[in-house]
């Protein structure tokens, strides 16, 4: 019985020591963590923004066919549900291939 009491006291002390909440994590040393709208994108140069837009356009133009099929299927709810069971290729074939005349 004494060992059980001693064990429970040690467990309570361990829980109290491990669950101590420090208020330091709640404090912020910054006066204002937000920046205004003018300075929000000032850390990215205009050339980097242009390069990112150009790369995005290239990625959009060079998408593989299965990705284009998947995007078309995602916009149509029935096709998306069918794809969850049978896969995107089967769903695209069922809902879109017949409309375009391909077999």
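Backbone N, Cα and C define each Cβ position, glycine as well.
According to Swiss-Prot, the features are:
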- 1-19: signal peptide (SIGNAL)
- 21: 4-carboxyglutamate (MOD_RES)
- 22: phosphoserine (MOD_RES)
- 25: phosphoserine (MOD_RES)
- 28: phosphoserine (MOD_RES)
- 51-97: domain 'Gla' (DOMAIN)
- 56: 4-carboxyglutamate (MOD_RES)
- 60: 4-carboxyglutamate (MOD_RES)
- 67: 4-carboxyglutamate (MOD_RES)
- 71: 4-carboxyglutamate (MOD_RES)
- 73-79: disulfide bond (DISULFID)
Subject >> Distance, residue 56 (4-carboxyglutamate) to residue 71 (4-carboxyglutamate) (CA atoms, angstrom) >> reply: 16
Original post:
With DSSP helix as H/G/I and strand as E/B, how many residues of the domain 'Gla' (51-97) fall in helix, strand and coil?
Top reply: 41 helix, 0 strand, 6 coil
**OP:** Based on Cβ atoms within 10 Å, give me the single least packed residue among the disulfide-bonded residues 73, 79.
**Re:** 79
**OP:** May I ask which of the recorded positions 67, 73, 79 is closest to residue 60 (4-carboxyglutamate) if we compare their C-alpha atoms?
**Re:** 67
Original post:
residue 67 (4-carboxyglutamate) to residue 73 (disulfide bond): how many Å between their Cα atoms?
Top reply: 10
Original post:
In this structure, which of the modified residues 60, 67 has the fewest other Cβ atoms within 10 Å of its Cβ?
Top reply: 60
Subject >> Spatial neighbours, same chain, of residue 56 (4-carboxyglutamate) - Cβ under 8 Å, 6+ residues apart >> reply: none
